[in-house]
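**Q** What TrEMBL shows for this protein is this:
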type     : residues     : note
DISULFID : Cys14-Cys168 : disulfide bond
DISULFID : Cys36-Cys40  : disulfide bond
Amino acid sequence: MGVRVLGTPARLICDSRVLERYILEAKEAENVTMGCADGCSLSENITVPDTKVNFYAWRRKEVGQQAVEVWQGLALLSEAILQSQALLANSSQPSDTLRLHVDKAVSGLRSLTSLLRAMGVQREAVLPPDAASAAPLRTFTVDTLCKLFRIYSNFLRGKLKLYTGEACRRGDR
């Protein structure tokens with residue numbers, strides 16, 4: 001019939017509406033936490049990936065290097081959100097709204113990890129032996145939920161969107 005089906009798990013991430021939904025959820029969580037006193041302080045610092053993207057350098061990277069950066073960033077971001085979930089559970093006055101947004105982020109990151117795994121990012125994230133070794137993932141720490149959700153939102157809108165967009169355009173996923 002000529003109708004292209006994007007519903008298969010490996011191609012689902014290529015439907016822009018899928019990633020946009022996760023970006024919207026992350027932005028909503030960031031907006032909610034902006035209204036908190038002290039940006040919803042965390043009782044300890046949490047390590048997160050640096051989300052800055054030099055577009056010129058990004059485009060010059062091998063696909064494997066991009067995949068490594070996205071996969072490592074997603075893994076660290078997942079750890080950070082899970083850590084914030086544990087800190088929130090142990091706080092004396094956790095807000096139901098905050099808990100809901102953190103729970104949504106945990107669920108969203110699990111789904112994105114599954115979608116990327118179906119797309120083959122883990123296989124692509126292995127650098128060929130002759131490739132320059134991947135630079136260590138740049139990180140920093142955050143001390144509020146607001147900053148954490150800003151990083152989450154920026155990562156999805158930046159490196160993840162760039163990587164999936166290119167992978168989907170290549171059409172070999």
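Yeah, the Cβs are placed from backbone N, Cα and C, and that goes for glycine too.
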**Q** Which of Cys14, Cys168 (the disulfide-bonded residues) has the most other Cβ atoms within 10 Å?
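**A** The residue with the densest Cβ neighbourhood is Cys14.
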**Q** From the Cα of Cys36 (disulfide bond) across to the Cα of Cys168 (disulfide bond), what is the distance in angstrom?
**A** 38
**Q** Among the disulfide-bonded residues Cys36, Cys40, which residue has the fewest other Cβ atoms within 10 Å of its own Cβ?
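**A** Among the disulfide-bonded residues Cys36, Cys40, the sparsest Cβ neighbourhood within 10 Å belongs to Cys36.
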**Q** Pop the Cα-Cα gap between Cys40 (disulfide bond) and Cys14 (disulfide bond) into the table, whole Å please.
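**A** Here the two Cα atoms lie 34 Å apart.
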**Q** What kind of secondary structure is Cys168 (disulfide bond) part of, going by DSSP in three states?
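**A** The residue in question, Cys168 (disulfide bond), is helix (DSSP, three-state).
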